[in-house]
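To start, the structure under review is shown below, and the notes come after it.
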Amino acid sequence: MTVGISKQDEILYLNKTLDTIKELLDKFGDSSYERSNDIKSDRRLLWDSIKELDEIEVQHFNQNLAMQEKLYLNNIEKIKTLRNQLNSPYFARIDFKEEGESPESIYIGIASVIKDDFDFLVLDWRSPISNMFYDYEMGPASYTTPNGEIKGEIVLNRQYNIKNGEIKFIHESNSSIHDEALLSVLGSNTSDKMKNIVSSIQKKQNEIIRNDKTKVLLIQGVAGSGKTSIAMHRAAFLLYKYRKTLKAENILIFSPNDVFSEYISDVLPGLGESNISETTLEDFYKSFLPSIYNYEKKNDYLEYIYSEDTKEKALREKAMKFKNSIEFSNILEDFANNLPNMLIQFKDIIFDNKVIISKKKVSEVFLNKFKNVSFIDRIESLKGNLFAQVETKYFVQAKNKNASDFGYNPFDHGNNIQSYLKEEVSKQVDTMIETINPVTIYNYLWRDISKYTKLNVEEISDFTIKNIQNMNILFEDIIPILYLRMHMDGFKNYKNIKHLIIDECQDYSPLFYKLISKSFRNATFTILGDINQKISNDTNIDKKEDIEVIFGEDNTQIVSLTKSYRSTFNITEFSKNILEFGEPIEGVERQGMEPQVLENVNIEETILEKIKEIKESGFESIAIIPKTAEKSKELFNLLKDKIEDLNLIIDDNSHYSKGISIIPSYIAKGLEFDSVIVPDCDKTYSKDSERNLLYTVCTRALHSLYLLSSSEKSILL
């Protein structure tokens, strides 16, 4: 069906669509009400009849209840999506003329709207036919179906801004995503939650989102290139395409912190999908490591990195550079592989004061027969093998002689000699094994580190051992210890996770990726980050190819996004000049005011003055971004009585909301604001190694950027 192209035709079609959405809301609302009553009734019936039902009947009842509840929750999700669609049911239209056919009008929205079970008024943006909107301009176009490629041409291409069920404007163009519409989106104010970008996805972004063939997709994207949005939209696409086998609980995102997790929490629900699971590194390791130690938190670690220089800090930076290197990753791997030889002292298996199995034989069984399984599994396999040998050699003797001569007690083993023999073998093997504490094992590595490297790391070794002796585990030591723990126990395979998203990938070590690749063996990956935004030159991944080596070149595809859509052209150009080297950066042609660098000013007065100017310009989201949390607290105490509803965000318990916030540099990472004020752009940023951090801070701004200094400006500008 082809819809007319006049404004009146469009209004009529919109009204028809809105009427259908209202009908669907009534339908699903009634269905949900009835199903809710059915669930309540069935629960009451089960409770009243529980004593009269047998186990099979109770199981059947529970299965039926679970099915009813699942359908009810699905209805609730559908109602949420429909309510969103009442506000804006679609954002685009293409008229596609298939070869030999009449043109057909295709309206595209966040989810399909279907009238009478067969009339598609709106198509889901993830559908194959909708893909043409993102990939083609006016003219020849095609899309792929299970039956093959459908060819034709796009004869009309429109975009809409619909709010509260009313058409605000219509853009018509011969390009795939119209520049005017894109600039309109980019020029709007930001919010306290990341928004979906379905109406402005660019062609290259679309290719990444719809890539479902690559095991590991690595996205190197400059600040503001939309890489996190792309990862979330890719998750939505995979949930749509593989909806029969992939559910929200099968996707996990490694988030840099809880503030960021909250910031992205509306994206998938806004696309009609349930939220996926999320975790931070700290959440992930908690259940694996001994609780008797003090583990440094990530934010405390970052605060330390960005604090004043000291002799100890210089040593720690040297240690971090080594511990986060590929060389150390390989050292730890070799060390872990040799653990069995270190942790077990082989002994004879003895019964009745006689050697039944020699320690040489025990050693041969352990080292050769079970060498391809984890240490813990090898121990259990060894016990089983030795018991079988003892049973064969000794069981007949034990039955024919007075069993008590061998330590057997019928009151302990219920007249079961085999049970006694099995327990005795297990006890004797346990005496061979040193108590397994991954922190202790890690300490052994540093005690003997000279065996594994030719580098002079004695000072680093002493520093690490001293901290462990004081029961303090530094942040950079957590992943190595976790790796040893998992290597000893056997890497758990999180089979339920079928897709894993890792954000800010440049801030994780090579060892982290080894650990992840072994723990999520069934998963595909979206790994995203920006080498230009590395925490420190002394830490972590140096180049994107480092990750490719770990996962394997055949499994990995690297994609680069060089265009920044977040900031004005002026801010992008200013920010990229802070970097001496790094990935190329291209700004979008959205002009704005030049960033202001203000030297020798009163910081408090200037902040208040600039906030007034920003508000008068109509901008709502303002971030004051000092380098550290300590400086953030100082500024907050200085300004809290002078700025209404001022937010202080310094840890994962803080809540980010729209308005004016003070937030340290490392927590602001990944967020965006209408305006940014940098209150300490002086000698605070004085080292080349801090260029990445200052660049990251500046690229949080969409529309305006102010860099203040109470003395001379930073030498990095």
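Each Cβ is built from the backbone N, Cα and C atoms, and glycine gets one as well.
Keep in mind that TrEMBL annotations are predicted by a computer and have not been checked by a curator.
Every protein chain shown contributes to the tally, and the Cβ of Ser225 (ATP binding site) ends up with 26 other Cβ atoms within 10 Å. What TrEMBL lists as ATP binding site is Gly221, Val222, Ala223, Gly224, Ser225, Gly226, Lys227, Thr228.
As a whole-number mean, the pLDDT of the domain 'UvrD-like helicase ATP-binding' (200-568) in this prediction is 85. The domain 'UvrD-like helicase ATP-binding' annotation in TrEMBL covers 200-568.
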Next item on the list: Using a 10 Å cut-off, grab the number of neighbouring Cβ atoms around the Cβ of Val222 (ATP binding site), all chains included.
Entry: 29
Next item on the list: Return one of helix, strand or coil for Val222 (ATP binding site), based on DSSP.
Entry: coil
Next item on the list: State the count of C-beta atoms found within 10 angstroms of the C-beta of Gly221 (ATP binding site), not counting that atom itself.
Entry: 26
Notebook entry, point to check: Using DSSP, would you call Thr228 (ATP binding site) helix, strand or coil?
Noted result: helix
Note to self: Please list, in sequence order, every residue of the chain apart from Gly221, Val222, Ala223, Gly224, Ser225, Gly226, Lys227, Thr228 whose Cβ lies within 8 Å of the Cβ centroid of the ATP site.
What the structure shows: Asp530, Leu561, Ser564, Tyr565, Arg566
